[in-house]
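Asks: From TrEMBL, here are the annotated features:
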type	residues	note
TRANSMEM	198-217	transmembrane segment
TRANSMEM	229-250	transmembrane segment
TRANSMEM	289-306	transmembrane segment
TRANSMEM	318-342	transmembrane segment
Amino acid sequence: ISRRAARELRWAAANQSGGAARGGPGGGGGCLKWRPQRAKGMAEPADYPPFQLGKPRFEQTSFYGRFRHFLDIIDPRTLFVTESRLKEAVQLLEDYKHGTLPPGVTNKEVRGKKKAFLTFLLLRAIIHPDTNETIFMPFRMSGYIPFGTPIVVGLLLPNQTLASTVFWQWLNQSHNACVNYANRNATKPSPTSKFIQGYLGAVISAVSIAVGLNVLVQRANKFTPATRLLIQRFVPFPAVASANICNVVLMRHTELEEGIDVLDNNGNIVGSSRIAAKHALLETALTRVVLPMPILVLPPIIMSILEKTSLLRSRPRMILPVQSLVCLAAFGLALPLAISLFPQMSEVST
C-alpha cells in the first residue's frame, strides 16, 4: 500500500518520460498547470483548487488533507468504470497534455475543476503510473476493502481449526502480496526473488504465530471456555501485524545499508541517506501495525457485545452477516486513517 501511495501522483511524468517523477506530489518536473477560464463573478469551488496535472486535490501537509485524498484513492466506485469510459479518460488527458484538445471539447469535457480532478482520479485508481497497464481489479487500492473484507471475516471466525487458521492466514498474506506487487514501484525493477522472499517470510510468520497462540490458549486450563473463545478472536491481530513487519524488513532491509534518494526543494536528487531510509522504514512498519489494529481488534469486541443481544440470540444465522458488516465498516475506516498517518514526502535534518 505504502509503495502505491508514494507513487500514485506521478502520472504526468510517467507518461512524458517513461518513468515516475522523483519529486512526489508537486515535486520533480513534468507537472502541467491548467487554470480553466470561468465566467465573471463565478466563485471558485472551495473543494476544487486550480487543477495541476500530477498534483493532489487536497493539501498533503496536514493529516486531514491526506485523509481526504486517500478517501478518493480507495473509492470503490472506480471498480465499475467501463473500458470505454476508461479509454475516454485516457484520451482526454493525453490530448490535454499535448495541447490538442479542440475548443469545443475543452469547454465541454474538461472545463471546471471537478471534471478534471475526477478524470485524473479515475486514471490513477485503475492504471499503474509506471507501466501504464490496467491493474487487475482485486489488486487495486480501490478494491482493497471490497475484496479484503471477506478475508477479514474468515480470519475472525470463531472456533477455528488448525486447517482453517492456516488457510485464512495464507490467503490474507497472498492477497497482500498480490496488492503490493500490482502496485510496486516499476521505475526501479526489483528481482522477483525479493518479492517471493517477502511473501514466504510473511506467510511463515503469520501462520506460525497464529497457530502457536491458538495452541497456547487451548492449553490454558485457567480460562473458561467463553474466555478462551474470546481470546482466540484476538489472535489474528498479532499474527498479521508481525507478518507485516516481517514483510517490510525482508523487502526493504537493503535500504538501511544503501540508503534512499534524498531530494531538494526542487525535486532534484542530491544524494542518498541511511538516516532517511531508517525513518521511512519505521513509518512504513508503524503503518503496517496500525492498519490491522481496528480491523482485527474492534470487530471481536463489538461482536462479543452484539451476540449477547436478544436479536442475535434468537437469530443465530444473522451473526455472520452482522459480523461482515462490522468488519466492512472497520476496514473502511482503518485503511484511509492508517495510510494518512505520515506524508508521502518527509523532511530530514542535515
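Even glycines carry a Cβ here, placed using N, Cα and C.
TrEMBL annotations: computationally assigned, not manually curated.
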Asks: I need to check the long-range neighbours of the transmembrane segment (289-306): which residues 6 or more away from its ends have a CB within less than 8 Å of a CB in the stretch?
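Replies: Residues 1, 152, 155-156, 230, 233-234, 236-237, 240-241, 244-245, 312, 319, 322-323, 326-327, 330-331, 333-335, 337-339, 341 contact the transmembrane segment (289-306) from elsewhere in the chain.
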Asks: Near the transmembrane segment (229-250), which same-chain residues lie under 8 Å Cβ to Cβ, leaving out any that are not at least 6 residues past its ends?
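Replies: Distant contacts of the transmembrane segment (229-250): 155-156, 158-160, 168-169, 172-173, 176-177, 180, 194, 197-199, 201-203, 205-207, 209-210, 213-214, 217, 223, 281, 284-285, 288-289, 291-293, 296-297, 300, 303-304.
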Asks: Can you name the far-off residues of the same chain, 6+ from the ends of the transmembrane segment (318-342), with a Cβ under 8 Å from a Cβ of it?
Replies: 1-2, 5, 63, 66-67, 69-71, 74, 144-145, 148-150, 152-153, 156, 283, 286-287, 290-295, 298-299, 302-303, 306-307, 311-312
